[in-house]
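Working notes, structure below.
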Amino acid sequence: MDKNSVNKDSEEKDERHKIEVVDDTNPDFITADSELTQDLPDDVEVIDLVHLKIKSLEDLNLYRFKNLKQLCLRQNLIESISEVEVLPHDKIVDLDFYDNKIKHISSNVNKLTKLTSLDLSFNKIKHIKNLENLTDLENLYFVQNSISKIENLSTLKSLKNLELGGNKVHSIEPDSFEGLSNLEEIWLGKNSIPRLINLHPLKNLKILSIQSNKLKKIENLEELTNLEELYLSHNFITKIEGLEKNLKLTTLDVTSNKITSLENLNHLSNLTDIWASFNKIDQSFESLGENLSALSRLETIYLEGNPIQLENKTSYRRKLTMNLPPSLQKIDATYIRG
């Protein structure tokens, strides 16, 4: 059989087995990113393209949208954000690149000087850079990246909320928070920070979360006089101390540490919540009551998983109710019956 006969036979088989291709209305993979924005009006102010496997900003033709204020591209496959340069510098205020594959913060981000919110969480970023011109920025999110150093933030005078949980930060440097006097919330959970140091620039800080680190001591918080919520769970702290100046505290979380006694808290008259489950607290109920007697606003206490609870299971709730202030409403997530 010659070559032509083989080809003819093959063509006949192909014809007999020809399959009609039907376009998938819900494809697993978007082959043309440009189609995602082609029907949007040029004057649109908000673009939200989530979980669409977008790889390239260039193909979205973002230069068309001169009035764009918010751009959300969460859960895509974007590696480069240099194309943000084409966004309207005087209009764009909110950029969200949560859960992509970004490794570097492009210098073009620095041109978007009206930004108030920037979310780069769940990416592959190693260095904080190219943000110094974003002086209107109020919210900055870097959760779950590979950042090892808190740096290059000193010009962000408007910053109120900074999230750096789930990174590789090993220490707080002397200049880490320099210039951030308006910062109100900072989230540093799941890093490897060994000490509470160099926090003094944060005069207006209200929430400090530094859970799941390597802390052994509560210290150097005396200048954080506006602090209202302090989250220190899953560390290696052995004693409650160093809170003499933090008189506005309403919530203290020391869950899963190595604390043996609730003490040095009676001066915190605004305290409503003490979370201290899974420590080594074994003091008497009378001692506990004395140490917390002045907390007239205390509403909630968590002590489960401590010797004081494990060794007094039948009388535990009753004795706590008897010895703690009458303002108490909840013990270990269960309300006290009236």
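The count begins at 1 with the first shown residue.
Cβ coordinates are placed from backbone N, Cα and C, and glycine is handled just like the others.
Listed as Cβ neighbours of the domain 'LRRCT' (306-338) (distance under 8 Å, sequence separation of 6 or more from its ends, same chain) are residues 276-283, 285-286, 288-289, 292-293, 295-300. Residues or ranges marked as domain 'LRRCT' by Swiss-Prot: 306-338.
Non-local neighbourhood of Ser56 (phosphoserine): Asp33, Ile78, Ser80, Glu83, each in the same chain, at least six residues away, with C-beta under 8 Å from its C-beta. What Swiss-Prot lists as phosphoserine is Ser56.
Per DSSP, the repeat 'LRR 1' (43-64) is made up of 6 helix, 3 strand, 13 coil. Annotated repeat 'LRR 1' per Swiss-Prot: 43-64, in sequence order.
The repeat 'LRR 2' annotation in Swiss-Prot covers 67-88. Residue counts for the repeat 'LRR 2' (67-88) under DSSP, helix first, then strand, then coil, are 5 helix, 3 strand, 14 coil.
The repeat 'LRR 3' annotation in Swiss-Prot covers 91-113. Residue counts of the repeat 'LRR 3' (91-113) by helix, strand and coil are 5 helix, 3 strand, 15 coil (DSSP-based).
Annotated repeat 'LRR 4' per Swiss-Prot: 114-135, in sequence order. Secondary structure of the repeat 'LRR 4' (114-135) per DSSP, as helix, strand and coil residue counts: 0 helix, 3 strand, 19 coil.
Over the repeat 'LRR 5' (136-157), the average per-residue pLDDT in this prediction is 99. If you look up Swiss-Prot, you'll see 136-157 marked as repeat 'LRR 5'.
Positions annotated as repeat 'LRR 6' by Swiss-Prot: 158-179.
Per Swiss-Prot, repeat 'LRR 7' is recorded for 182-203. For the repeat 'LRR 7' (182-203), same-chain residues at least 6 beyond its ends with a Cβ under 8 Å from one of its own Cβ atoms are 143, 157-176, 209-221, 223-226, 231.
Helix, strand and coil content of the repeat 'LRR 8' (204-225), in residues and according to DSSP, is 0 helix, 3 strand, 19 coil. The repeat 'LRR 8' annotation in Swiss-Prot covers 204-225.
Annotation source Swiss-Prot lists repeat 'LRR 9' at 226-247. Residues of the repeat 'LRR 9' (226-247) grouped by DSSP class, helix first, strand second and coil last, total 0 helix, 3 strand, 19 coil.
Remote same-chain partners of the repeat 'LRR 10' (248-269), defined as residues 6 or more beyond its termini with a Cβ less than 8 Å from a stretch Cβ, comprise 211, 225-241, 275-283, 287-288, 291-297, 302. Annotated repeat 'LRR 10' per Swiss-Prot: 248-269, in sequence order.
With a cut-off of 8 Å between Cβ atoms, the residues of this chain six or more beyond the repeat 'LRR 11' (270-292) that come close are 228, 233, 247-263, 298-308, 311-312, 319-320, 322-325, 332. Residues annotated as repeat 'LRR 11' in Swiss-Prot: 270-292.
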Study note, to complete from the structure: Comparing 43-64, 91-113, 204-225 for Cβ pairs under 8 Å with the repeat 'LRR 5' (136-157), the winner is 91-113
Review point. Per DSSP, how many helix, strand and coil residues does the repeat 'LRR 5' (136-157) have?
Key: 0 helix, 3 strand, 19 coil
Practice item. Helix, strand, coil: count each for the residues of the repeat 'LRR 7' (182-203), based on DSSP. Key: 0 helix, 3 strand, 19 coil
